[in-house]
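Enquirer: Dropping the structure in here first, questions after.
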Amino acid sequence: MKPPRSRSGSSKDTGPKRIPGKALKSASNPGENDATLDSATARTARNKTVSLRTARGRTTAQQRWLNRQLNDPYVAAARKQGWRSRAAFKLIEIDDRFKLIGEGTRIIDLGAAPGGWTQVAVKRGAKHVVGLDLLPVDPVAGAEIIEGDFTDPEMPDRLKDMLGGPADLVMSDMAPNTTGHAATDHMRIMGLAEGALDFAFQVLAEGGSFIAKVFQGGSEKDMLALMKTAFSSVKHVKPPASRKESSELYVIATGFRPERLLESSKGA
C-alpha cells in the first residue's frame, strides 16, 4: 500500500496527475447517529501503538507513512464511522466552531475526492451539495458529484443551476502534490486557494462563507486583504485533526459582501 497523492479541482497545475486517496470504508450514513458526537468520537479515540510486520520492499518514506496511518486515532475513527478520509474530522471540527452548515445550506465542495467533506456536508443537513473534482469520485448519498475543472468559465453558472441558486458555502480542501521545498509548496497551494476564492466570488450568495486550505507562509497577504474587503470576518484555524507536524491551516471567511467587492474593483 502506497501513500495517497493529493488532488485538486483544477487542471492548471503543472505537477503530476493527482490521484484521490483510496477511500476508507464508506457508509451511506457515516458517523454517529447524533452528528454532534462525531468529533467527540475522534477526540476520545485511542490506538495501541502498532508497528509494521515487515518493511520488505518499502522505502523509508513509505514505512514512515504507513506507521503514521496505523497509529493515527483519526484514521481509526474514520474507518469505524464510515468516513472516506480522516480529513472529514477537520471539517467536523471547523463546523463545530463556526456553524457554517445547517438545514437549507447550499454547498460546493471543490476538489471533493475522495468525498469525506461532501459526506460531512450531507450528514450535517445541507439542502444541496455538489462535489467537483477532476477525477472520478464514488457517489455520495444525498449529494451530486461531477467531474470537471473549477476554472472552466462555464462552471460557476453550471453549479449554481445544480444548486438551484447561489451557494451559501464554498469549501476547498485542495492541495498540490508536495515537493518538499517549502517555498514552492506554499506557492502552489496558495495558487489553488486564490483560484478557489475567485470561484467563490462568482457563486456565493450575500452573507455566504468560504473555507480553504492554506500553508503557513508570507505570500498570502494580498489574498487576505481581498478577503477582508469581501467578507465581514476572516480567521485562520488549525483544527485538532490537522497533524501537528503539518504546516496547513484553514482560512474561514464569513459574511460575504459582494457590494464591497464591487466597490473595491471600481476603485482599483
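Think of each number as a place in line: the chain as shown, counted from 1.
Placed from the backbone N, Cα and C atoms, the Cβ positions cover glycine too.
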Enquirer: According to Swiss-Prot, Gly115, Trp117, Asp133, Asp149 bind S-adenosyl-L-methionine; so which of Asp95, Asp96, Asp168, Asp173 is the extra one listed there?
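Expert: For S-adenosyl-L-methionine, Swiss-Prot names Gly115, Trp117, Asp133, Asp149; of Asp95, Asp96, Asp168, Asp173, the listed one is Asp173.
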Enquirer: Over all pairs in Gly115, Trp117, Asp133, Asp149, Asp173, the listed S-adenosyl-L-methionine binding residues, work out the largest Cα-Cα distance in Å.
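Expert: Maximum Cα-Cα distance: 18 Å.
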Enquirer: Between Gly115 (S-adenosyl-L-methionine binding site) and Lys213 (active site, proton acceptor), how far is it from one CA atom to the other, in Å?
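Expert: One finds 16 Å between the Cα atoms of these residues.
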Enquirer: When you measure from the Cβ of Lys213 (active site, proton acceptor), which residues in the chain that are at least 6 apart have a Cβ under 8 Å away?
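Expert: In sequence order, the residues whose Cβ lies under 8 Å from that of Lys213 (active site, proton acceptor) (at least 6 apart) are Ser172, Asp173, Met174, Ala175, Ile189, Ala193, Glu248, Leu249, Tyr250.
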Enquirer: Which three-state DSSP class does Gly115 (S-adenosyl-L-methionine binding site) fall into?
Expert: coil
